[in-house]
Amino acid sequence: MATNYIFVTGGVVSSLGKGIAAASLAAILEARGLNVTIMKLDPYINVDPGTMSPIQHGEVFVTVDGAETDLDLGHYERFIRTRMTSSNNFTTGRVYEDIIRRERKGEFLGATIQVIPHITNEIKRRVIEGSKGFDIAIIEIGGTVGDIESQPFLEAIRQLGTEIGRDHTLFMHLTLVPFLGAAGEVKTKPTQHSVKELRSIGIQPDVLVCRSDRSLPATERSKIALFTNVEERAVIGLRDVDSIYKIPSMLKAQSLDDIVTKRFNLDCPEADLHEWEEVLYQESNPNGEVTVGFVGKYVELPDAYKSVNEALAHAGLKNRLTVNIRYIDSQDLETKGTSKLEDVDAILVPGGFGDRGIEGKLIAAKYARENNIPYLGICLGMQVAMIEFARNVAGLTGANSTEFDENCSDPVVGLITEWMDASGQKELRDKHSDLGGTMRLGSQECHLEKGSKALKMYGKETIEERHRHRYEVNNHYIEPLEKAGLKITGYSHDKQLVEILENPKHRWFVAVQFHPEFTSTPRDGHPLFKGFIEAAGEFHKERLG
């Protein structure tokens, strides 16, 4: 069967939730037995988000094959079973880099390189290549219609709509329908102007998804349909909700999936959304709550830790607990003490880079260890747990990471200079290598030790998890640290790199070098996060007596 394409654009304002809407539609179509993928086309000039500030851009989501991508790909994986790869996200910078490299090699035979056709052709090529083998490919265009940065992408999808034909393409446009309190009514004019802007570049939307803080009245739906030349049944209202996992059923109730399948002439069964109904039931019927102290350096923007936040919520669903996250700037622990940790039920230290706030993370790890509070360390959170234990238990007072102090007397954490990438190829780097794309990235095998908490939670000796790091535990210090009571319970497939450490004397102290948050989903959860929140629930009961 030929691939069918749904192109998703946004108008009026940014951050309308195109990614959530696209993922929710994909979830319904997948529930109808269709093989679905989603792509995100980002209009910024960066080659990828790998070196962008998390405070500006949000988290970097890592795919199975090691691509550093937009956080929307995390939404995609949480809503559908398809695993994202490097083909599912590319930027203006990536496209231009490829075209310029090919021009320097002489591949264009001296032609003048232009946005049309060279840039648009490369965009089209990547869209087609990344969509092969799927029944439906949903293509989300980042930014807002009217932005100068988005023009090459919009022109490319306009051309694809013509070349592939209407029988296999559909354009879905998200807009904002604001409510004006002074007038006491919703206003459709911004949507009308947004569609007018889209039509001016040759794209007529087939579906409008109208975001609002309330239900869209039938009269306004008719008005929007009249002025935008969109069928009234294809004007979909999408009011604000308290859980993004309600959106698939909301879109299903308005027959958006039927509009899609009829457009593409697809004969498939009705959507079975019972898994999503179970998620919503778990979410709305908790048996208790826990508070997790989340000690990070980018906490002013929760989206910097989007997948961790979601993984904690998923673990709450599986344990029937509401997870309250208390964000704590690690620098505050350095300057204001540990009072914010005193009534938490668990402590989590996530990944990060650089030495700012590192002492605060060490304080958090020490507080969890000394007070027997469940602790989960991720990536840098594992490294600080190792450093803290080395300093305060193993007697290595000069312990540190060479990332923070190249001349420390006990470098228990150091730069990885050689490793295998996700495809099995050897990678080399040193401290002078570029920052972008030079980490140990992607899904890697990890072997779990018998008798460990990790093995009990995962239920199997070999697992695969995704990585994003340059620094690793120095193997020369494993023996003295294990003699002092720490236990290494997970190694890389070649036994060269430490993946998991545990403190057997502690009720629940587990730290991992990989990023388990990237594989957690609302339907399945994740073994580590489920175990962590279960331990938090038990600690909460004991704490309250």
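Glycine too: its Cβ is placed from the backbone N, Cα and C atoms.
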Further binder of L-glutamine named by Swiss-Prot next to Gly352, Leu380, Gly381, Met382, Gln383, Arg470, taken from the candidates Glu403, Glu406, Glu445, Glu449: Glu403
Same-site ATP binder from Asp65, Asp70, Asp72, Asp303, given that Swiss-Prot records Ser15, Leu16, Gly17, Lys18, Gly19, Ile20, Arg239, Asp240, Val241: Asp72
Integer Cα-Cα distance in angstrom, Ser14 (CTP binding site) to Glu140 (Mg(2+) binding site): 13
Local confidence of the domain 'Glutamine amidotransferase type-1' (291-542) - pLDDT mean: 91
Structural state of Glu140 (Mg(2+) binding site), classified by DSSP into three states: strand
Which of Ile148, Cys379, Leu380, Met382, all recorded positions, has a Cβ with the fewest other Cβ atoms inside 10 Å: Ile148
Extent of the ATP binding site in Å [max Cα distance among Ser15, Leu16, Gly17, Lys18, Gly19, Ile20, Asp72, Arg239, Asp240, Val241]: 20
